[in-house]
Each structure stands twice: as C-alpha cells, then as structure tokens.
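To start, the structure itself, in structure tokens.
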Amino acid sequence: MTTLLEQRSSANLWHRFGNWITSTENRMYVGWFGVLLIPTALTAAIVFILAFIAAPPVDVDGIREPVSGSLLYGNNIITATVVPTSAAIGLHLYPIWEAASLDEWLYNGGPYQMIVLHFLIAIYAYMGRQWELSYRLGMRPWIPVAFSAPVAAATAVLLIYPIGQGSFSDGMMLGISGTFNFMIVFSPEHNILMHPFHMIGVAGVFGGALFSAMHGSLVTSTLVRETSEVESANTGYKFGQEEETYNIVAAHGYFGRLIFQYASFNNSRSLHFFLAAWPVIGIWFAALGISTMSFNLNGFNFNNSILDHQGRTIDTWADLLNRANLGIEVMHERNAHNFPLDLASGEVQPIALAAPAIAS
C-alpha cells in the first residue's frame, strides 16, 4: 500500500510539473524546450563572463605563443575576447576532465568550446521553444522559421567553419575586435566579397534594414483618424492611445505616388510576409555561403589579369581585391621562430662583424 501511494505521489508531482511548464498562463512560458534552454544558456553565459574577465592566455595556434584575451590580462572592453580552443586540440571534444589539470584546460582554450557548444544547444532550444509556444497558442510557426536565420548564421561561424577548417582554433572569437578579426581574415582566405551567396546576404541585411525603416515611418505617419478640413491631421492621433488608427490605404496611396503605383502593397499580409522573408532569406544565403567556404569552396578568383593587345595589365576591381587579400594574408601569417622563445628573448650576444684573420 505504501509503495502504491509513493508511485501515485511521484506521478502526480511529474504531472503537475508538466502542466506548469507547458501552461500559457505563466508570466514567462517555459515549455519542454525551456528545460533544455535554461541550464545550457546559463552555463554558456556564466563561463563566457568568467572567461571574458579573467581567462589566462591561450595557445590558440598551438605553437607555444599564448594569446591573452581577457580584461585582467591587459585588454579593454573592445579588445577583450574569448580566445578559441588551441589548434593542438583540433576538433577533439575537450571537456574539463579530458585535461590533466584545470591550468592545462585553460591554456588550451577549453572555455571557448564549452561556451560555443552550450550556446548552440541553447539557441536551438530557444527556437524549439518558440515553435512550442506558437503551437500551444494555435499560431502558425513562422516566428521560429524567421529565427532560424540567425541560428543558421551562428552555427555557420561557430561550428561548421571550424569543422571545415579542421580545428576549433579557426572559429570566430567571442568579442568585439575578435569578430572583426574573423571577418577581415575570412576575406583573403576565401575571397568572400566575390561569393554570390555573400552578396545575397548583404542585400538581405541592408535591404531588410531599409524596408523596416520605410515601413515604420509609413505606419507612424498614417496613425491618424479622419479629421475635418479645418483641423490639422496631427490632431487625429494622441501619443500612447490604445485604439488603432493605422490606415494602410493611406500608406499605400502615399508610397504609390512617391515612387509608382505597383511599388507599394495594398495587402497587409503580403506586405509583412515580404518584410519577414527578405532579410531571412538573405541571412540563410549568407550562412550557406559561410558553410560552403568552410570547405574551401571559395568566392570567384580572377587570378589572371586582363591584358591589352600589347600585353599590359588593365587594372580592374578584381586586381585591387587580389592585392588587398594578399596584403591581409601576409600580415596574418603565423610567425615561424627558429629558436625557442626563452632563447630568442634572452640577453643579446655579441657577434663578430668581420671574419678573423687566418694564420698561414
């Protein structure tokens, strides 16, 4: 009898827990995906903050030249970053227990891998949580579909690119200047500016920003009610009012006259679908471009210059881009030392500037 009561009690407890996390009446929806999201997001956030502030230098290139990235090791908020896992680790999974000591784990950049993997699981769970809440409320699943664009972009630079290049050391650094460093180095190594998917991605991001600004300004400019001819149109709207007075016909008429008739939408659904689809598709293509370049399927390379009938080079944008790429790549090349650092940085030894005379 006691065993039966305990089983029923535990079953009721689990049932109550399931009802609570899936309830849409809570101030914040948790959901089953939230059970995975919360611990992984907290782990990634806590380790990132600790590493950003106090992580010791990391031997990112695997050549015994540690690179400091934290605030306590000489960086400011702009230059500080979480340095990627060492090239000596490659693509191996490197949890704390795989290292001989905590110092070794930190020296080889273990926190970077820990942050990235937990962060990716967290954003996948967040996307699943968006779908779960939409399902519970009877909504269509377009919100998680739109969120899949930044998820794909993060996956491309933090996971797909290191896999394609053979090491987590090639992943994007987790910091402001580290992000710019990743972008600048990516250009000469893969000629990203000449990749069509990158071009589509740029059009998606900047076009999405333009369309968002246009839409917001049009909506704000048509928040009016019908006024008489002796009243100003501005009297038809009170800031913070509860009722909606947006008039899509007015916005459509204004924009149609500003450009041409068919440049505007007279249907709210098609308008908002376009506003969502344009940047999402663009970012999908950008993520796909990064993923293809991860395996060295790079942008167009015009290695042979255009020559005139006398064999002289006709300089083009491709030549300028090639020279810039070569310059960036040379600056980024890893130093090859002939001596260990403790010998190379020791006291200067006197050397003979002339050969000694040889007695005959």
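The backbone N, Cα and C atoms fix where each Cβ goes, glycine too.
When the candidates His198, His215 are compared with the quinone site entry in Swiss-Prot, which names Ser264, Phe265, the shared residue is His215. Cβ neighbour count for Tyr126 (pheophytin a binding site): 18 (other Cβ atoms within 10 Å of its Cβ, all protein chains included).
Of the binding-site residues Asp170, Glu189, Asp170 has the largest number of other Cβ atoms within 10 Å of its own Cβ.
Taking the C-alpha atom of His190 (site 'Stabilizes free radical intermediate') as reference, the shortest distance to any of the recorded positions His118, Tyr126, Tyr161, His215, His272 belongs to Tyr161.
Beyond the transmembrane segment (142-156), the same-chain residues lying 6 or more positions past its ends with a Cβ under 8 Å from any Cβ of the stretch are 119-120, 123-124, 126-128, 130-131, 134, 276, 279-280, 283-284, 286-288, 290-291, 294.
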